[in-house]
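A.B. asks: The structure follows.
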Amino acid sequence: MSATEAPPAPPEKPDVRKPSARRRLVPYWLLLPGILWLLVFFALPMVYQASTSVQTGSLEKGFEVTWHFRTYWDALAEYYPQFVRSLLYAGTATLLCLLLGYPLAYLIAFKAGRWRNLVLVLVVAPFFTSFLIRTLAWKTILADGGAVVDVMNTLHVLDVTAWLGWTESNRVLATPMAVVCGLTYNFLPFMILPLYTSLDRIDGRLHEAARDLYATPATTFRKVTLPLSMPGVVSGTLLTFIPASGDYVNAELLGSTDTKMVGSVIQTQFLRVLDYPTAAALSFILMAVVLLVVTVYIRRSGTEDLV
Amino acid sequence: MPVLRWIRRNLVVLAGLLTLAYMILPNIVVMVFSFNKPNGRFNYAWQRFSLDAWKDPCGVADLCGSLSLSLRIAFWATIGATALGTMIAFALVRYRFRARGAINSLIFLPMAMPEVVMAASLLTLFLNMGAQLGFWTVLIAHIMFCLSFVVTAVKARVMSMDPRLEEAARDLYAGPVQTFVRVTLPIAAPGIAAGALLAFALSFDDFIITNFNAGSTVTFPMFVWGSAQRGTPVQINVIGTAMFVIAVAVVLAGQLVANRRRSNARK
């Protein structure tokens, strides 16, 4: 074929269209790196984990996918106490966070006046010291023969809590109460901040209106403040419950072998026993349970636009 | 009884202050015990006052090395997560595109997942790829879990922006780049700064994901964790206290500057 002139290029589309086509691509370029990061390092690992959970084998010979679903059953049968305990402790801590956090959020939003910023700083301030160091401080506070245990002993509170199985008759450390106390402490700010945000949004004139209509303070709270703060309650409980259910730091530092949570088991299986399928199965079950709880909770509370 | 009536009237305030005390108490303990001279290896019981640890904060092997490693990881994780997160936030607020729902849930899910699940699954990926665990795997993990928080913080700010400001800039013949740099970015800056601060704090203090993916590398939280088994040096409390004091000072200074600027603007 002789070299001839190249066929005439197709007539270019009018220039005006080009920038708009490029503009349509802008969001995709903006999204690409971040979304790719999440896909590769968040979504893909989930797939790998799902596959690992149905593998069998040993560390020496290697693992192979054998669709061995029994791992799930065996893991649940062996570790259900830790599972139940995790949900129980996390639930209790979430409830305590709500009971303790609500008054403080209310105080900041409505009563603090010119102290508001200072109190807010004090709420966030604990964050500035590593949470592990602060959790270790609870070892000192709850120590055997320490002030807290002494007071509880003299007031015979310890007898009651020991009877309930929350503590032992002479100590608090290494008991369920210590773990729940640590969990509550660690996740309180995650409850208070969303509560404060939603309380702060409430129009003060609504309170005046309620008072003008002869509502008692209690009625005002029940009929006006509480319903309007529900978005904060929902996101606060989620932000507390989710990390608390998978936490193993408090259970390991403040608890004993009788207070181990499922996070400890996953960590031990993965990093020490090196039984990857069991660890993967446990972690998958935890994920499923938490997602189920979260979805049902969000549906029932009717605030689906949390994100 | 007037006392009882006073208590009843201020019940909310009292309960709130009690909660505040509960939250602050451990910090006070950490601070006080940084001046302790313990007898054994563990710093849990008060013995006597001493300034030894303050005079020699790096006196424990590997402590300051782990601290500087944590600071370096937090620095790069903040830069990475803030850059990627800000881009996503702008795309979500300003543009229409396909698969918005799927992208929204991909961003929400890491925040609705117990850390240990992400930690374990990420380690599975790294093991399968045969990746060398260490600085890079930790950095990758930190950018991953900080990203969603940055997106949320920046998105909130960009959404509350008045689009007319940018229209005004365009009407005054500012090009797209100029509009972005001189108008959009300054207005979005507080949101970006909040996201970056959050990312730094989350990364610096992270333990669970790091513990799974660090291999034999030791960050500061991992050092503290290890010391809970081996014996807690007083220097840990010194560093905890110093971090606390520096951070509170920075926050208060920022408040002061903001207040002064506001009163200047009023003049």
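One-based numbering along the chain as shown.
Note that Cβ sites are derived from N, Cα and C of the backbone, with glycine treated the same way.
What TrEMBL shows for this protein is this:
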| type | residues | note |
| --- | --- | --- |
| DOMAIN | B:67-257 | domain 'ABC transmembrane type-1' |
| TRANSMEM | B:12-35 | transmembrane segment |
| TRANSMEM | B:73-93 | transmembrane segment |
| TRANSMEM | B:105-127 | transmembrane segment |
| TRANSMEM | B:133-154 | transmembrane segment |
| TRANSMEM | B:180-202 | transmembrane segment |
| TRANSMEM | B:234-258 | transmembrane segment |
A.B. asks: Give the one range among B:12-35, B:73-93, B:105-127, B:180-202 whose Cβ atoms make the most pairs under 8 Å with those of the transmembrane segment (B:133-154).
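C.D. replies: It is B:73-93, which has the most Cβ pairs under 8 Å.
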A.B. asks: The transmembrane segment (B:12-35) vs the transmembrane segment (B:180-202): three or more C-beta pairs under 8 Å (separation of 6 or more)?
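C.D. replies: These two segments do not touch.
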A.B. asks: With a Cβ cut-off under 8 Å, give me the same-chain residues at least six positions beyond the ends of the transmembrane segment (B:105-127) that come close to it.
C.D. replies: 88, 133, 137, 141, 144-145, 147-149, 151-152, 206, 208-209, 211-213
